[in-house]
């Protein structure tokens, strides 16, 4: 009965809009209107009269208060993502909304940064090679190489996320595409946590290679080893939490389907915590050797050059802080669009 009443109300509203005199109207797809989910029909039937507006009128698309009220009703009244996406699609088509697509930008950033990373790694390997009169390889070089090995599948995962709708409005994708996007994001997220922390491990190992037991006080090297232990523990703890964020595990990417059952914890606090720790660890790693650097017998010119390196580290820290605002909530009905900032941040950390 409620659905019949809602549909009757919609037909009345549509008829009232059509019969209005001197009113600017737009065409409405009647078939799409009739096939709307019941929750969307109820929201239209309650929201439009409250604002004295009809579907064919400009206010349906241009009234921000109406749009917010309607969106809130859909979010609370429609139980499945599929229903919310169908409603968003109807609203976008009715209002002739422009197609938003940041996939080209994302793909360009991902692969440009991957190319730069590959180039810098190649230079590092060549410069350290004993065949080219380098000093040979050490543990920090091996950890950097490990980070690059993990960076390859991370970049591939970002490419697949783009193909499945990353950067586009979610209503332009099917449920299966969004599920595939979340699957690749889940995989990439684990790699990202490991890469970010292991990159810092490589920097600290570099400190240990430069400042031997004879060059510095034992306390400095002890702090370095303790820092490495904390960084590795962070990788294990956060990746463990991310792997088991849902029960069953696959529910992390299948939860968008209405016929799937399971439960997940909200990982937003977890990722905010990781972001905050990332900032703190950046500061720790780049501040750690300052006293030892200036204790070396270097010219002021060389000390200035070293200081610039640390300024780059601070810039990386600032970028990590800025990225915190892009942490998303997976219940967002426009998840593929919302994930754009997060994934661009992942690419930027290459």
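A Cβ is built for glycine as well, from the same backbone N, Cα and C atoms used for every other residue.
Just so you know, TrEMBL annotations never went through curation; they're auto-generated.
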Of the residue ranges 68-87, 88-107, 108-127, 168-187, the one that TrEMBL records as transmembrane segment: 108-127
TrEMBL annotation (transmembrane segment) - matching range among 222-244, 245-267: 222-244
Stretch-averaged pLDDT - the domain 'Rhodopsin' (124-331): 84
Maximum Cβ pairs under 8 Å to the transmembrane segment (222-244) - stretch from the list 108-127, 190-210, 270-296: 190-210
Residue numbers, six or more beyond the limits of the transmembrane segment (190-210), whose CB comes under 8 Å of its CB atoms: 138-140, 143-144, 146-147, 150-151, 153-154, 157, 221, 224-225, 227-228, 231-232, 234-235, 238-239, 242-243, 274, 278, 281-282, 285, 288-289, 292, 346, 349
